[in-house]
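Novice: Checked TrEMBL, it gives:
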- Glu1102: active site, proton acceptor (ACT_SITE)
- Cys46, Cys51, Cys54, Cys76: [2Fe-2S] cluster 1 binding site (BINDING)
- Cys116, Cys119: [2Fe-2S] cluster 2 binding site (BINDING)
- Leu241, Val242, Val243, Gly244, Asn245, Thr246, Glu247, Val248, Phe321, Asp344, Leu388, Lys404: FAD binding site (BINDING)
- Gln740, Phe770, Ala928: Mo-molybdopterin binding site (BINDING)
- Glu774, Thr858: substrate binding site (BINDING)
- 213-398: domain 'FAD-binding PCMH-type' (DOMAIN)
Amino acid sequence: YSNTPHTLFTLLILSSHTPHTPYTPQTLLPCSSNSMLGLTGTKLGCSEGGCGACTVMMSKFDPHSNRIIHQAINACLAPLCSLHHCAITTVEGIGSVGSKLHPVQERIAKAHGSQCGFCTPGLVMSMYTLLRKRPQPSMQDIEDAFQGIAKARIIYYIIYSYIKYNSQNVYCSDSVQPLFDPEEFLPLDPTQDIIFPPELMTLSKEPVVSLRFRGERVLWVQPSSLTELLELKAAYPEARLVVGNTEVGIEMKFKNQLYPVILSPTNVQELRNIQFTENGMECGAAVTLAELGEVLREEVEKLPNYRTEIFQAVLEQLRWFAGRQIRNVAAVGGNIMTASPISDLNPVFMAAGCKLTLVSKEGKRVVKMDEKFFTGYRKTILRSEEILLSIEIPYTKKYFSAFKQSPRREDDIATVTCGMNVVFGEGSNTVQDIKLSYGGMAPVTLLATDTCRQLIGRQWGEDLMEDACSLLAEEMSLSPSAPGGMVAYRRTLTISLFFKFFLTVQRKLAQENLSEGVRSDYESATELFHQDPPTGAQIYQAVPPGQSADDVVGRPMMHLSALKQATGEAVYCDDIPHYENELYLALVTSTKAHAHIISIETAEAMAVPGVVAFISAKDIPGSNKTGPVVSDETVFADNKVTCVGHIIGAVVADTQAHAQRAAKAVKISYEELQPVIVSIQVGSHSLFSTRLPPAVIHDLDWILGEIHIGGQEHFYLETNCALAVPRGEDGEMELLVSTQAATKTQVIRLSLGVPASHVVCRVKRMGGGFGGKESRSTILSTAVAVAANNVGFARSYALGRDTDLYLEQFTIDRCWDECITISDFSQRRARVELYNKQHRWTKRGLSIIPTKFGISFTVSHTAGQAGALVHIYTDGSVLITHGGTEMGQGLHTKMIQIASRTLEIPTSKIHISETSTNTVPNTSPTAASASSDLNGMAIYNACQTLLQRLKPYKTSKPKGNWEDWVSAYFDRVNLSANGFYSFETNSGRPFNYFTYGVTASEVEIDCLTGSHKNLHTSIVMDVGKSLNPALDIGQVEGAFMQGVGLFTLEELRYSPQGYLYTRGPGMYKIPAFGDIPTQLKVSLLRDAPNERAIFSSKAVGEPPLFLAASIFYAIKDAISAARAESGLSGPFRLDSPATPERIRNACQDKFTKLCPPPEAGTYTPWDMRV
């Protein structure tokens, strides 16, 4: 819709022209591409720009530079109305399985870089966009492109290895037998890329006109001139200016904010200008962070170093500012005007004394960005009718630094961030002026004015440093209950970061003969973070000579869905084509942890357009009690809630947006109850009582202490999803669910009051599981089924984001010996000790850890068994169904390999469609790493039954082929068979067998900030005779990286009232690409057959996760070296995860002594660690 009759809103998605789009200002790109074009390749993982699964390429013609610009963006934050004259390329647009793959898609699939595949389209489009800009990217380019992609379990190094084309100075992967042949890959041919639509180029050259979009609640205006923008701001003083939607979009979705008028100034040239003056660079407020970085980088390369230190500081902050997709759209002015107290850039701008030009309809004024600019939390001195026009970033006089410390280095919000600037008298080291600006220490960006005032006139030396640290400790105080927590750590960081600045300046002064030099063992404290290019190796046992080429067991076979995942054609639950009259469901959940429900008011919710019904406990036709094993939970809370997030009811509406809007409008009154239990300490001091026999106690050496190990979120990118379809007869219900436990999902029968035979659960694939979709998915699917039963179709998606035994071969000693060898452990230990002698403020640590993991379902009466159904069709094709579910681990691929070997036919003749309860009933959950063992043997048994039936035909026609033999059907031979397998009773012997592994890891910690680098990891894993080395190595690498998250990054942080703060990628950080060990070696133990599982293999999946404890203990080893510098020795407590906060606090020194932690019990903490 346009405010000028002759102007069309024009957007090209692939080659589909969509003028006059009927969508509203709140319609985001993924919603439109799915419903409008049926393009489901772009996945929604978080809806806040934090995971990258929704990455697409946005292309537009810039008439001012006369060039086409390609950018990777987060579709989940891109309003459709912001894409006027843009071309959007999704993963479907660059290649498909049925036509031709793009080389990026081919490489990521054939190099085993796709597991669950849910984020694979995002990876593909990030790399594709990079190659459109730089056909020969460097390793740094690749790392930068992948910063915005959140990955929990993936074959990291293989992605790095062969997705890169002819990149310069990049990682190479070695293996005894290659996992794939890169010579088979299609070459990159840029001439075959999609061209920018000529129509858009023509339209982009026409005069700019304003656009206006009006929705049910929001007016979006894109003015064409500064004058029009200022007129609009005067008319709508409370209107928000939006460029990238990276802040407002999140506020509207997750904070229930509503902005009735949004002004998009992207076409106002005055806000897009960048120009240089004699004082520095003047940058328009609507310039994106990516554009700012490119211009600054060019200036740094041209100008003398001493003039560009502020520019370099901005670049260093941008290096870690969100992901590439965010930087491509987020504006400089938005970062300033958001007024976030943890802004990465505002402390830099404040310390640099940047000038801001403000403008309104009444005129223009210039203000300095100083301690008066921010007037309160998220508030500035701007008047309501004013806008920020530009910022002037000055050249420097030599001494300027910026620092950011965050829980995760890449794509993370700051814990503390700062900009530091000092000016000396001519030819001296006497401080003439100094500015120390901090973020994360107050509701606003702060200048340490008292400290700075007392340092002026002082000489830059040890005495100044000591006094400055004491002054900062006093001035940078925090309430023990301050939002964000980590009070002692944050206070210590203000001092530690100043110390880094002090050393950096001292080193520069020494180069000018104005100061003593920095001690050699202190030098590392002045270095900016850098990481060497990654290297690694994958080692596995080749198949024996003479094994048939058709026998793929033991070969590194590609995941069967990998190509479809790389092209976006793999179908997940939310990709299923919509049913006619399909409705959508949104949950209404408790905001209290422990309370009685007094009343539920739904009138406002029911008045929302498109709302059909509100469903609660009273609407359940059967029982409100449910549970995957024991019915000890409620489907909907009935009078009482027992946790924040407890489902109270659900709204059903015609669209997801209407359902979510209405759900937020439901008003619930509570009577809060005590206690609110969020930790073991609060709940009970004697939940666990362990008593050892006196003889054992007498014989042991005791070290008494306490360690807490934090929990870990099931962070699959595809959140729980369910589609319920009432069949209209006899209460039948069909469920399409993203679940690991199809049979457990049939628990909905209790709520519907029907037998299990009336409920069919189907699972195509999942976008990750990790156990969270084994039992918790049943709560959602039951709620959806109840709603569907009452009103028709209902869908819910994207929960917003929460003695035989001892005869087996014992191989841990062999794993240990090989790990010692391939990690070069003894020499590495010597190098670590030498490094630690030479460096005071960075330390290295080394650890080697074994693991022994039992394979079994210990609940023997319900699990530890599997069924399979194998059909042979008259054309020779084979269809297999089994009880396991595919969540990216390659289970279906392995099952086809097993059937291929057993039937002695190529894998191309075998197909697995889905898992369903009406083909294989009473299935065990896909869990406990036992699914290959159980389902593989069930398939083997079914295939053996079929081979026995075909044996007479094979005997009579020994030179015949498979198609000849299956003609047995015409003799009335049944070519369908089911198979069954179960573990032996585990009475007195809980595990079927054990999986073993050993890992050695080396790390480096920054003793001043608590950050760490994973330098080296060598893993040796006993997986028996691997069914598929590529999949097994991927599982080892993925589980290890998930363990890295468990032991170093991922924290569940609750408020004392039971509210979970860490509910999405904004605050809950899983490992990123930069967390991969710089050198990673994975070796599958050779000549280690396991006679207790299918084809002598062993389970893999969960067993390698604990091996990441080697990173944790290597960190602790490094901390021990740091503590020794302060005269501390002996045991010390380090809780898991070993976050930067815990590492820094454990590295006790003179700086931590200045900031002691508040005394427990004297305050209410902001958060509780669980």
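Glycine is treated like the rest: Cβ placed from N, Cα and C.
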Novice: Here's one to test understanding: among the binding-site residues Cys119, Asn245, Phe321, whose C-alpha is closest in space to the C-alpha of Gln740 (Mo-molybdopterin binding site)?
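Specialist: Nearest by Cα distance to Gln740 (Mo-molybdopterin binding site): Cys119.
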Novice: Of all the binding-site residues given, Asn245, Gln740, Thr858, which residue's CB has the most CB neighbours within 10 A?
Specialist: Gln740
Novice: Report the nearest neighbour of Phe770 (Mo-molybdopterin binding site) in space among the binding-site residues Cys76, Cys116, Leu241, comparing Cα positions.
Specialist: Cys116
Novice: Measuring C-alpha to C-alpha, could you say which of the recorded positions Cys51, Cys76, Leu241, Phe321, Glu1102 are within 10 Å of Ala928 (Mo-molybdopterin binding site)?
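Specialist: Glu1102, listed in sequence order.
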Novice: Tell me, in order along the sequence, which recorded positions from Cys116, Cys119, Leu388, Thr858, Glu1102 have their CA within 10 Å of Cys51 ([2Fe-2S] cluster 1 binding site).
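Specialist: Of everything listed, what lies within 10 Å of Cys51 ([2Fe-2S] cluster 1 binding site) (Cα to Cα) is Cys119.
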Novice: Where does the mean pLDDT land for the domain 'FAD-binding PCMH-type' (213-398)?
Specialist: 95
Novice: Can you name the residues of this chain that are 6 or more positions from the residue listed as 'active site, proton acceptor' yet have a C-beta less than 8 Å from its C-beta?
Specialist: Phe853, Ala928, Ser929, Ala1039
Novice: Measuring C-alpha to C-alpha, could you say which of the binding-site residues Cys46, Cys76, Cys116, Cys119 are within 10 Å of Val243 (FAD binding site)?
Specialist: none
Novice: Let me check the 10 A CB neighbour count of Cys119 ([2Fe-2S] cluster 2 binding site). How many other CB atoms are there?
Specialist: 28
Novice: Whole-number Å only: compute the distance from the Cα of Leu241 (FAD binding site) to the Cα of Cys54 ([2Fe-2S] cluster 1 binding site).
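Specialist: Rounded to a whole number, the Cα-Cα distance is 24 Å.
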Novice: When the Cα of Cys54 ([2Fe-2S] cluster 1 binding site) is compared with the Cα of each of the binding-site residues Asn245, Phe321, Leu388, which one is closest?
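Specialist: That would be Asn245, nearest by Cα distance.
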Novice: Looking only at C-alpha atoms, tell me how far Glu774 (substrate binding site) is from Cys116 ([2Fe-2S] cluster 2 binding site), rounded to the nearest Å.
Specialist: 16
Novice: For Mo-molybdopterin, what surrounds Gln740, Phe770, Ala928 with a Cβ no more than 8 Å from their Cβ centroid?
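Specialist: Checked against the 8 Å cutoff, the neighbours are Gly769, Gly771, Gly772, Lys773, Glu774, Met887, Pro925, Thr926, Ala927, Gly1101, Glu1102.
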Novice: Other residues with Cβ within 8 Å of the Cβ centroid of Cys46, Cys51, Cys54, Cys76 at the [2Fe-2S] cluster 1 site?
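Specialist: Near the [2Fe-2S] cluster 1 site, the remaining chain residues are Lys43, Leu44, Gly45, Ser47, Glu48, Gly49, Gly50, Gly52, Ala53, Asn74, Ala75, Gly122.
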Novice: Sort the binding-site residues Cys46, Cys76, Cys116, Cys119 by C-alpha distance from Leu388 (FAD binding site) and give me just the closest.
Specialist: Cys76
Novice: Please report the Cα separation of Phe321 (FAD binding site) and Cys46 ([2Fe-2S] cluster 1 binding site) in Å, rounded to an integer.
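Specialist: About 18 Å separates the two Cα atoms.
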Novice: If you draw a 10 Å sphere on the Cβ of Leu241 (FAD binding site), how many other Cβ atoms land inside?
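Specialist: Around Leu241 (FAD binding site), other Cβ atoms within 10 Å: 23.
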Novice: Using the residues the record lists for FAD (Leu241, Val242, Val243, Gly244, Asn245, Thr246, Glu247, Val248, Phe321, Asp344, Leu388, Lys404), what whole-number Å value is the largest Cα to Cα distance?
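Specialist: Largest Cα to Cα distance for the FAD-binding set is 27 Å.
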